[in-house]
Amino acid sequence: MSKRENVNVTNEEIENQKRIIRLVAEINAGSEKFAFVETYGCAQNVNDSERLLGMLEEMGYKKTDDKNKADVIIYNTCAVRENAELKVFGNIGALKALKRAKPSLIIGVCGCMMQQEHIVEQIKKRYKHVDIVFGTHSLYRFPEIFYNAENFHERVIEFVNEDGKIAENLPMHRDNSPLAGVSVMYGCNNFCTYCIVPYVRGRERSRMKEDIMKEVKNLAENGVKEIMLLGQNVNSYGKDIDGYIDFPDLLNEVSKADGIERIRFMTSHPKDLSDKLIDVMAQNKKVCKQLHLPIQCGSDKILKAMNRKYTSEQYLEKIRKVKEKIPNVTLTTDIIVGFPGEDNDDFEHTMEVLKTVRYDSVFSFIYSKRHGTPAEKMEDVLTKEEKKKNFDRMLELQNIISAEKNKEYDGKEFDILVEGESKTNPDFMTGRTDGGKIVNFKGEKSLVGKIVRVKITNAHTWSLSGELV
Ligand code: 5AD
Ligand code: SF4
């Protein structure tokens with residue numbers, strides 16, 4: 001157990017933060033204050049923002065979507081690609097006028113970008129209107145950081161370079177949704193050569209099963225029907241705890257929670273996808289028949305340079321097994337186009353994989369150089385224009401495949417978990433099939449959180465339309 005004591009933030013420390021939360025709440029008592037939190041990037045970041053908002057709510061701040069109304073503005077940032085970083089810098093710059101008009105406004109930036117020293121330096125020097133800066137490892141210390149900035153009118157910049165800890169029992173804000181994300185582990189040990197995540201999220205650390213189950217049961221009691229188990233590589237779950245249960249067993253455990261009808265998970269690294277996991281997916285009715293398995297590239301030369309630790313053939317063998325055991329499985333993947341050293345021939349291998357697997361959808365990205373990663377120093381073969389051309393060709397191919405795959409749904413009936421109103425038409429509800437396909441259909445708001453039978457009447461590239469049976 002001693003190993004865990006080093007990983008979990010101590011109870012004393014959590015209690016200390018909670019004491020500060022109560023202190024701020026007392027100061028705020030009687031006044032109406034608002035917090036604006038914007039999240040960039042992945043589901044893990046969304047989960048972190050729920051924690052931030054949870055702490056802010058207990059401190060007496062109401063959530064708002066209007067920056068002008070806010071007393072606190074926080075950007076929870078993503079460092080995976082440069083685009084996201086540039087957007088954050090632009091948005092922070094744009095807050096200058098707001099701060100001038102309302103000097104009491106507290107502006108904070110946190111998350112993965114702030115876990116990089118060169119970015120923190122940039123914020124310190126060029127964005128003087130930012131009051132608080134803290135990285136992913138300091139999230140649980142937000143109450144103290146916030147209190148110091150607010151109360152002593154000082155800039156608080158916290159940069160801790162460590163492997164990262166687990167903070168349990170922090171307050172959490174949940175939207176009124178039948179879906180919820182639950183982190184099962186944090187960090188990553190894989191060091192794919194293009195990726196910043198291991199540097200900003202630290203080493204792999206699994207939450208104790210009991211803590212996960214407590215959270216899941218609590219969510220179920222509050223009306224949640226579908227759980228998304230989150231981790232950078234969920235297949236590594238439990239490997240850092242001696243004699244612990246593995247991810248497939250955890251899935252079975254979570255499925256025993258009353259009220260939880262569906263379980264999904266993200267992300268699996270192909271090298272660690274076990275037969276046992278495939279079997280549990282096939283056998284456990286509550287585990288959705290949906291698998292996100294990022295291949296990144298179809299060329300073995302590039303996969304090696306990416307340090308992915310599998311060949312395209314090994315990957316395809318796993319896909320064959322998955323399809324054989326779970327015939328109606330929905331498959332998705334991530335692809336990086338234009339990794340250093342990738343030539344047009346390598347790229348054709350990726351196109352071949354798309355044609356072979358026929359994914360339901362693909363999340364594709366043009367390679368973005370990340371500071372401090374091994375790939376930063378690798379040389380490009382293709383020009384920016386050539387990469388873009390390949391990227392567009394790939395999208396074109398995948399759009400055809402996605403549309404064809406959706407067409408197979410036409411005329412068939414599916415169980416849909418209703419998530420809420422459709423964004424485009426309030427008379428329509430939106431939900432998903434077990435495989436995760438979005439379905440829009442005419443229906444009442446009272447259906448939210450229920451599983452209903454819908455017949456598909458129209459298949460589009462990205463979604464399906466249907467009617468209640
Ligand atoms: N450039 C482009 N895409 C990246 N990803 C991770 N790092 C980079 C990068 N430097 C993509 C991978 C990963 C997804 C979450 O983001 O495809 O699976
Ligand atoms: Fe990044 Fe690779 Fe870890 Fe995924 S497995 S977070 S791509 S280093």
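Using the three backbone atoms N, Cα and C, a Cβ is placed for every residue, glycine included.
Residues or ranges marked as domain 'MTTase N-terminal' in TrEMBL: 33-151.
If you look up TrEMBL, you'll see C42, C78, C112 marked as [4Fe-4S] cluster 1 binding site. If you draw a 10 Å sphere around the CB of C112 ([4Fe-4S] cluster 1 binding site), it holds 27 other CB atoms from the protein chains shown.
The domain 'Radical SAM core' feature in TrEMBL is assigned to 174-404.
If you take the C-beta of C195 ([4Fe-4S] cluster 2 binding site) and look for same-chain residues 6 or more apart in sequence within under 8 angstroms, you find V80, C188, R370, T373. Under DSSP, C195 ([4Fe-4S] cluster 2 binding site) is assigned to coil, being neither helix nor strand in the three-state scheme. Per TrEMBL, the feature [4Fe-4S] cluster 2 binding site maps to C188, C192, C195.
Summarising the annotation, TrEMBL assigns domain 'TRAM' to 407-469. When pLDDT values are averaged over the domain 'TRAM' (407-469), the model yields 95.
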Quick note, C192 ([4Fe-4S] cluster 2 binding site): same-chain residues at least 6 apart with CB under 8 Å of its CB -> Q296, M306, N307, R308
Most isolated by CB count within 10 A, of the binding-site residues C42, C78, C188, is C42
Excluding C42, C78, C112, which residues of the same chain place their Cβ within 8 Å of the centroid of the Cβ atoms of the recorded [4Fe-4S] cluster 1 site? Y40, G41, Q44, N45, T77, A79, V80, A84, G111, V197, V200
I want the residues beyond C188, C192, C195 whose C-beta is within 8 angstroms of the mean position of the [4Fe-4S] cluster 2 site's C-beta atoms, in chain order. N190, F191, Y194, I196, V197, P198, Q232
Out of C42, C78, C112, C188, C192, which binding-site residues lie by ligand 2, with a C-beta less than 6 Å from some atom of it? C188, C192
